[in-house]
Amino acid sequence: MLKQLSRSLGIRSSPIVANLIRSKQVCTRGFHISLVKQNTSSKVNEITDITSDSLKVKEDAAGSDLPSTKTDKKSKSESFQPVKFEDFKGKGYIHDSIINSLHKNDFKELTPIQQKSLVPIFNTEKGLVCRAKTGTGKTLAFAVPTLQYAYKNRGKGVSTVVLVPTRDLAFQIEEEYRKLISHLKYNERPNLELIIGGQRTSFNPRRPAEIVIATPGRLEKELQTDRKLAKCFSNVTYRIYDEADRLLDVGFESVLNEIDGLLYKVRTTPKPIKSLLFSATVDEAISEFSKKHIHPEYEFLNTVTKDDLEIPENIHQQLIECTDGIDKVNVSLSELHGIMKQHNDYKVIVFLPTKTAVDWFYEYITNALDDELFELFSKPPRVFMLHGGRSVRQRSAALKGFKVAKKGILISTDVAARGIDVKDVTNVMQMFPSVEIADYIHKVGRTGRAGKKGKASLFATPAELPYVSLLKRKRKVKFQEVIQSEKLNSSNIIDQIESPLDSTKEFLATMVGYLQQLQSAHRLDYDSLVIENMELYRKLVRDDKAMLESRILSRIGKGISAHVKRRYFTRTRYQSHDDAEFDSYSDFSRSGMSQRPRSNDRSSKMTFNGRGKYGNNRNNDWSYQNKNRYNNNNNRQTERSYDSDRKSHNDWKYEKKFEHRRIRDHDE
């Protein structure tokens, strides 16, 4: 009896075994089957081909109406076109508990992108690439299907990974998920976890979250270093690339390739990961990336029609042509003053290009408000700042404060240009051109959300007008209003506000590098840009002959004409700042650019040698080693330490002691 049973089992299984041996896409180890390359072929597994062949034989023989999965899903999705979330009830797509949660969050009507993408996301087998404009509800388009899967598969490890370019976007997506999860029964709630840079990961491998939102760099590190955590990703079903164009722009492609390999390395199921990619633009780079990470024959869904404008009509775009950099700051301050004076409730986002620019403008505005230089008829606004140099806690607090404020001004770098969904933003002000032309569109998209009216202002000097021409030619941007600054009754506010010397210097020093990026990106006149901004610097510090140290030009000032260098840059070291402050003028990390390379020796510190240059002394701390030595009060030291020729043993000992004290005081 047993012999006959084993013989029959061997006969029945032999075709499957033979097919497995012939297959190049599967490898066998014991009774475990796993795919080596999940997304490189439309035939995911030849076992499924055997099953479909057997079904086809049965259909031909018996004339039955067994469904062909692919066509049935397609016809089903074509016949079912939901308009409201209620339409999903009884259709088997979304659980009633999640639909009720959507209603409690006031999500009732589907946005156009949700109408077009929700059902295809549920039905897709090859993965989906979706072109969608910002602010159209795409987050909910992937949040609902992934939450539905996590709801049905609680306690089975990570089922969804959402990859985003910035921490701020991660917080925004987390908030959307939390809204939906909070209205589910406590024992039915899927777990949610953030794995992002700048904060400690609280992921618990014993009770892994079903949904993980991550920035690429941090997720790669965790998957490489924590085996227990990596095992929790063995059954990932959905992988979301949100703001994919931004992910590639900032150079995350190699990291995403590594993450892809790490996920498939720990994978225990033969099924491929369903990858969904969302992007405002789909160019050749996105297409090649999608073929590699989604599927060679990925499904493409375009929710942006030819008639759709990149910037909605409810946003009033205004171009203010300024005479120079000084006029630009003056007019922008007058514009802010007008908003504060004329409106009871308002939210304004002011975009600046570098971290030091944000620091300076924040201090500049708060000083003006504290001194009551703006004539206001009501309570002054709350002012917040946001940039990559702030901690996660500070950035989160700034965003939350700005969201709840009735009157608020957010001063930010490009980190707030994408993925930040703040309701009721009335005005967006861009004071400088963006390196990426698409960033203009994203910044403008922070206002006029959910169909409400908004106003976007761009301030441009004569040297920056070619950038405006590029916007019109490449992105079909149409300004409803073009104003010359001379026609505005702007008061001379810039003379009434005292600009902090240190932050002003840092702002203008790092701007030199940013202006070079603009020149190379848009072919602007570098000399004219530098002259405009250096004249602004002199106006702010109230010194008609103020100059910046030419040392900052060693890496970021190439291309400036000799006469401009002589006019605005000097080799003389200003004595009004100590060494650490002087160094910070060229600290690119504060401006959002790459950091200055350091020596491989961790103990090495930069030193200023006797020739007036900076060397790499591996043992000394940052110190000024010229003949003239200055203490913290910027006065010359006593003759004991100022002797430029011979010094006794006691003199050197005294100087060493003084140097340590100076460094210690600076660190404190």
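Cβ atoms here come from the backbone N, Cα and C positions, even for glycine.
When Swiss-Prot is compared with the stretches 58-86, 87-115, 290-318, 551-579, the one noted as motif 'Q motif' is 87-115.
Of all ranges given (242-245, 390-393, 406-409, 478-481), Swiss-Prot attaches the label motif 'DEAD box' to 242-245.
As a summary of secondary structure, the motif 'DEAD box' (242-245) carries 2 helix, 0 strand, 2 coil according to DSSP. Mean model confidence for the domain 'Helicase ATP-binding' (119-300) is a pLDDT of 93.
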